Amino acid sequence: MTELKNDRFLRALMRQPVDRTPVWMMRQAGRYLPEYRATRAKAGDFLSLCKNTPLACEVTLQPLERYPLDAAILFSDILTIPDALGLGLYFETGEGPKFRKVIRSEADVDALPRMNAESDLDYVMNAVSTIRRELNGRVPLIGFSGSPWTLATYMIEGGSSKTFSEAKKLMYGQPEVMHRLLDHLADSVIDYLNGQIKAGAQAVQIFDTWGGVLSSWAYEEFSLRYMTKIVDGLIRESEGRRVPVIVFTKNGGQWLESIADCGADAVGLDWTTDIGNARARVGDKVALQGNMDPAMLYAPKARIRQEVADILKRYGSGSGHVFNLGHGITPDVDPEHAGAFIEAVVELSGQYHQ
């Protein structure tokens, strides 16, 4: 593989010295970009775009043509695993992801097939290797997966949910069945992320989007436990360097110390946690990623710049910070405002790395 020209992101995740704070955005390849919307129209729909290797590669690279980002993230969806397990993923306009089949019983869990990521999700592996080739060492490529708990919520609810009543019904009423499902999913995620690493991903992130809807004990038992299992099962060295792992639980700031103990190299923070306070709590155990409120991108550019300056100041000097939003960028953001955010990180962060 080509030598990496910009390894700032990987170095920061390992808390090694960098010249400035690296920056990327969750959902950086997305609907806020007119060029993304044009490519998606070519593909027909979101799922076809994920499964079309040249087009998935094209949209992954689009934000890098526009902005001085320090990482690319595979263009895909967290729900590829349940789709490969036969649940029949589809998207309804304005309603988000849906499944034709749902998991509600012990029999449903027992009927789930064992997944082989390299054959069942070969389109993802092809996308990873193609993107890696096209990047030609420009920046590292991030692979990713949903967490077992987050995947389970979609599989049980049949889509997204405000209350998660069906998922919680299974969790509280038949915890042993829920544990079997989560264990099955953890094995699938290990296989999936290791497949991405073998195909060329240089770092991986586990998205625990819905971990924050759980009570503290339930988070430890039904979400963090399985992410810890995944981290334990991942390939941690490839092409002669460490493959860092980032764990991101939305609304998980209260469990930061526990998450920092799961074996990951970095913890993603949403915007509800103060990053200076988070750094004081974890010390130099893990790097931190985040954590500007994505809605700040609606503000005037000068205000965005001020917020970036404030977050940099709160984190303080030294490595171990990857700047990002606290969640994905929203579709109605002006690309120029995203540019102002990235530019501010590039221009203002050097002073913290003297």
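The backbone N, Cα and C atoms fix where each Cβ goes, glycine too.
Predicted, not measured: the structure shown is a model, and the values here were computed from it.
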Residue from Thr209, Thr228 that Swiss-Prot also lists as binding substrate with Arg27, Gln28, Ala29, Gly30, Arg31, Asp77, Tyr154, His327: Thr209
Between Asp77 (site 'Transition state stabilizer') and Tyr154 (substrate binding site): CA-CA distance (Å): 13
In the chain carrying Arg27 (substrate binding site), residues 6 or more apart in sequence that have Cβ under 8 angstroms from it: Gly328, Ile329
Tertiary neighbours of Arg31 (substrate binding site) (same chain, Cβ under 8 Å, six or more apart): Arg37, Arg40, Pro331
DSSP-derived class (H/G/I helix, E/B strand, else coil) of Tyr154 (substrate binding site): helix
